[in-house]
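**Q** I have a structure here, written as structure tokens, and I will follow up with some questions on it.
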Amino acid sequence: MAHGICCHLLLQSLLYRSLEKTQKEIPLLSNRVLFIDVFEPHPRFPKIDPSVLKGIVKQKNLDRLGKYDGVKGLACGLETNLENGISGDSEDVSRRSEAFGSNTYQRPPAKSLWYFVWEAMRDPTILILLVCAALSLGFGIKEHGLKDGWYDGGSIFVAVFLVIAVSALSNFKQNRQFVKLSKVSNNIQVDAMRNGRRQQVSIFEIVVGDVVCLKIGDQVPADGLFIYGHSLLVDESSMTGESDHIEIDLTQNPFLFSGTKVADGFGRMLVTSVGMNTTWGEMMSTMSNDSNEETPLQSRLNTLTSSIGKVGLLIAFLVLVVLLIRYFTGNTQDENGNTEYNGSKTKADDIINSVVAIIAAAVTIVVVAIPEGLPLAVTLTLAYSMKRMMSDNAMVRKLSACETMGSATTICTDKTGTLTLNQMKVTKFWLGEDFVNENGSSSLAASVVELLHQGVGLNTTGSAYKSISGFEFTGSPTEKAILSWAVLELNLDMEGLKQSCEIVHVEAFNSTKKRSGILMRKKGENTTSVHWKGAAEMVLAMCSNYYDVSGNIKVLDDSERKNFDQIIQGMAASSLRCIAFAHKQVPEQENEEGKIHMEENCLTLLGLVGLKDPCRPGVKKAVEECQYAGVKVKMITGDNIFTARAIATECGILKPNQDMKSGAVVEGVEFRNYTPEERIEKVDKICVMARSSPFDKLLMVQCLRQKGHVVAVTGDGTNDAPALKEADIGLSMGIQGTEVAKESSDIVILDDNFGSVATVLRWGRCVYTNIQKFIQFQLTVNVAALVINFVAAVSAGEVPLSAVQLLWVNLIMDTLGALALATEKPTKDLMEKPPVGRTKPLITNIMWRNLLSQAAYQITVLLMLQFKGEAIFDVSSKVNDTMIFNVFVLCQVFNEFNARKLEKKNVFEGIHKSKLFLVIVGVTIVLQVVMVEFLKKFADTERLNWWQWGVCVGFSSVSWPIGWTVKWIPVPEKPFLSYLKLGNSKAV
């Protein structure tokens with residue numbers, strides 16, 4: 001038969017030509033022109049033209065598909081067995097890749113380093129400095145000649161270019177990191193039939209001819225055609241923008257597009273186009289993978305930077321005005337003590353040079369004021385943390401999630417697979433009111449066993465494959481557990497069952513009904529049977545009879561129903577998931593629309609199974625860790641209230657003596673029926689929500705956010721997508737999670753373990769704290785330098801710290817300081833603090849205390865050196881200026897240790913573990929020695945002797961005892977800035 005189809009296909013390929021190929025014109029004797037399509041098959045697949053294959057799905061061309069004898073004809077041409085798939089060996093896969101291409105997409109070229117250099121050069125501060133450097137260079141050469149006049153301007157140019165290079169390199173590396181992460185996140189595992197076995201294959205290894213199995217939540221990996229399935233609905237919104245789900249069937253719409261999502265049902269597809277030949281591939285080639293995402297914290301820091309910059313501009317303007325007034329009123333003197341401005345006697349060149357020097361001093365203050373290192377610090381912190389989180393089984397998809405997780409106050413978690421291992425096993429089986437032990441299945445009535453075979457083997461999306469080593473089961477953990485039990489305990493023969501029975505209709509499982517059903521018929525018989533499988537209490541409500549061990553049907557009256565309820569509750573209380581099977585023989589009938597009627601009433605209960613899903617090792621400790629950190633953990637599950645309560649108690653979410661009447665445990669329907677006011681009032685008390693629907697989960701997240709909580713949500717199913725999107729942080733599961741869930745989330749937990757969720761929480765807090773450390777450190781530098789230069793400029797008419805020196809401070813402090821503080825690893829004490837939440841300010845009172853005390857000390861010392869240094873230490877003004885510069889830098893080095901611990905008095909705790917921090921401090925000191933001792937002309941410094949170095953180190957080291965002392969000073973809880981706002985409001 002297959003051979004006949006192939007021959008027929010070859011003949012048709014000669015008759016029907018591709019509309020997409022170049023058409024050759026053959027002129028005839030008349031004015032008519034005959035068009036002949038050119039057929040260009042691949043030599044390895046002579047019956048198939050790749051462009052025709054591509055066009056069938058792309059254009060949804062049923063006529064062209066018909067000319068190929070439908071899906072079976074195409075499969076024959078592609079040498080694919082629709083039941084067993086392709087052979088799947090390396091030779092077969094490479095042959096298909098060569099003929100039809102690989103399932104990879106061309107990306108736009110990655111941004112080069114020069115792109116980021118150009119971006120850095122467009123920064124307003126950099127532009128101001130470049131103009132200043134050009135003016136300084138020009139006037140310097142004019143005044144002192146080329147040999148000596150280029151130092152000041154050239155030094156500023158070199159310093160500016162160093163800042164540009166560091167910024168560009170940092171952003172370039174971050175961009176490459178994102179590209180790598182996107183490759184990992186796009187590497188989806190797909191179920192494909194190869195050599196008769198259902199196996200997981202990387203989406204990049206899917207080839208034309210593959211038979212792919214699809215289920216709810218899967219992403220369609222390539223363009224293809226529907227082979228068979230039931231209730232298959234596809235969300236094509238990624239392609240069309242339409243939110244309506246499209247029904248896929250064999251006759252009207254068998255076309256499946258790459259990148260779309262399976263919304264309901266299940267099925268199999270034949271892959272016809274991959275990679276750039278798919279419709280999605282063409283779209284992807286035009287899309288930019290731009291990862292320069294600005295996080296909320298970066299946005300807040302940019303606002304902070306902007307505010308400080310405005311203050312700096314105001315002060316710089318004041319300095320400019322004061323210095324110009326001092327100069328033009330004759331109150332300034334040159335190096336020889338002569339008055340610089342003598343009215344008309346002063347040369348124009350001298351006036352211009354003096355004014356440029358004054359402008360340069362004002363610009364220097366602007367450079368000091370703008371803490372451009374803050375956004376860079378955030379970038380470094382997030383990039384480093386993302387890399388480390390990958391090794392801790394968490395892949396960050398959105399940068400903002402890192403910092404937001406540090407503020408989380410509530411975690412709403414799934415049960416299955418997250419708190420539990422998701423390794424289901426049938427441990428109990430009840431037939432009627434009798435418990436059947438492991439060896440008791442042989443005593444069951446043959447008629448009941450046959451019905452159980454049908455209910456398990458046909459009403460499933462899983463499969464069983466018999467290999468040499470034993471049986472292999474595929475499907476969801478629940479399906480695998482039930483199939484394994486039926487095959488090994490009840491001797492179910494899947495192949496024989498499928499050959500003797502045919503499925504007439506399927507009702508796929510969904511989270512609302514919590515059950516699935518089939519209508520089946522034994523071949524050669526006229527009667528049909530309906531089989532339902534699902535949550536025990538749901539299925540029990542549909543039954544009016546039940547089978548006993550002997551195969552007799554008994555009436556399910558109120559008394560018996562109570563007994564079954566107790567059996568279900570007993571299993572649930574033992575942390576077992578309870579699944580029921582029900583059956584009914586129905587007359588052959590169809591309604592007017594031709595749809596088959598699925599009986600849902602007066603069924604006969606076949607049996608109950610209890611599936612054990614043990615808690616993950618360490619999950620109780622992880623839950624306790626979150627609770628200790630002040631983060632509430634709430635479990636939201638579809639299981640019944642007894643199972644949910646048992647698991648929650650085992651995991652530590654519920655206390656053993658916690659009363660259900662306290663409102664800690666509710667059912668979804670109960671929560672749904674509360675009034676909005678009741679929900680807001682009671683949502684904080686709820687620890688467990690059982691029998692919940694996706695809408696209930698979404699509702700809870702919305703309520704928690706309304707109350708001001710920062711909410712993290714874990715989820716793995718398609719139905720979790722709305723809640724994952726609504727939450728502040730969506731955490732999807734990397735193993736059991738559907739592609740829809742992953743795309744809706746911010747972070748993917750690669751090992752599906754709640755312990756990794758606790759690790760992400762710790763990392764989030766670490767990111768937030770590291771950024772706070774750097775803010776405190778950076779603002780200390782800025783406040784001190786700003787005040788020193790302002791006071792000195794106004795009082796003495798000169799600035800002690802030159803533009804080059806301040807650029808140097810900015811470079812080593814912003815870059816090396818950021819790297820040192822941004823790479824501090826998470827510590828246990830991070831989980832001892834309450835969560836930050838939404839309302840707490842970024843700069844806390846503790847940070848203000850530390851910052852202002854250090855800045856005050858630095859200002860005092862440096863102003864003392866500025867005005868009295870020459871007399872106290874008997875040094876020249878040049879050496880005194882160098883000492884001021886040296887003390888300023890070394891103060892920052894010592895203060896870097898203080899910044900490691902915002903609250904703890906012992907700043908050296910764990911210093912031996914922070915090797916990178918010690919290396920960076922060492923590099924900073926070495927660079928400063930080189931700057932002072934060897935780069936005299938570049939940095940405008942003088943060499944210092946050992947005694948002068950000792951004085952500089954002595955002054956700087958006082959930072960440590962000051963830091964230790966001020967931490968004894970208590971601070972009010974009310975944010976410092978709120979007093980200013982309160983004062984303003986009163987004034988208004």
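Every residue gets a Cβ built from N, Cα and C, even glycine.
Heads up, TrEMBL stuff is auto-annotated, nobody curated it.
Just so it is clear, the model here is predicted, and its values are computed rather than measured.
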**Q** Of the ranges 757-777, 841-861, 946-966, which one does TrEMBL flag as transmembrane segment?
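**A** The range carrying the transmembrane segment annotation in TrEMBL is 946-966.
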**Q** Quick check on the domain 'Cation-transporting P-type ATPase N-terminal' (70-141): DSSP residue counts for helix, strand, coil, in that order please.
**A** 46 helix, 3 strand, 23 coil
**Q** Take every residue in the domain 'Cation-transporting P-type ATPase N-terminal' (70-141), average their pLDDT values, and give the whole-number result.
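**A** Result for the domain 'Cation-transporting P-type ATPase N-terminal' (70-141): average pLDDT 82.
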**Q** Going along the chain, which residues at least six beyond the ends of the transmembrane segment (916-934) come within the CB cut-off of under 8 Å?
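**A** Those are 808, 812, 816-817, 819-821, 823-824, 882, 885-886, 889-890, 893, 896-897, 900, 941, 943-944, in sequence order.
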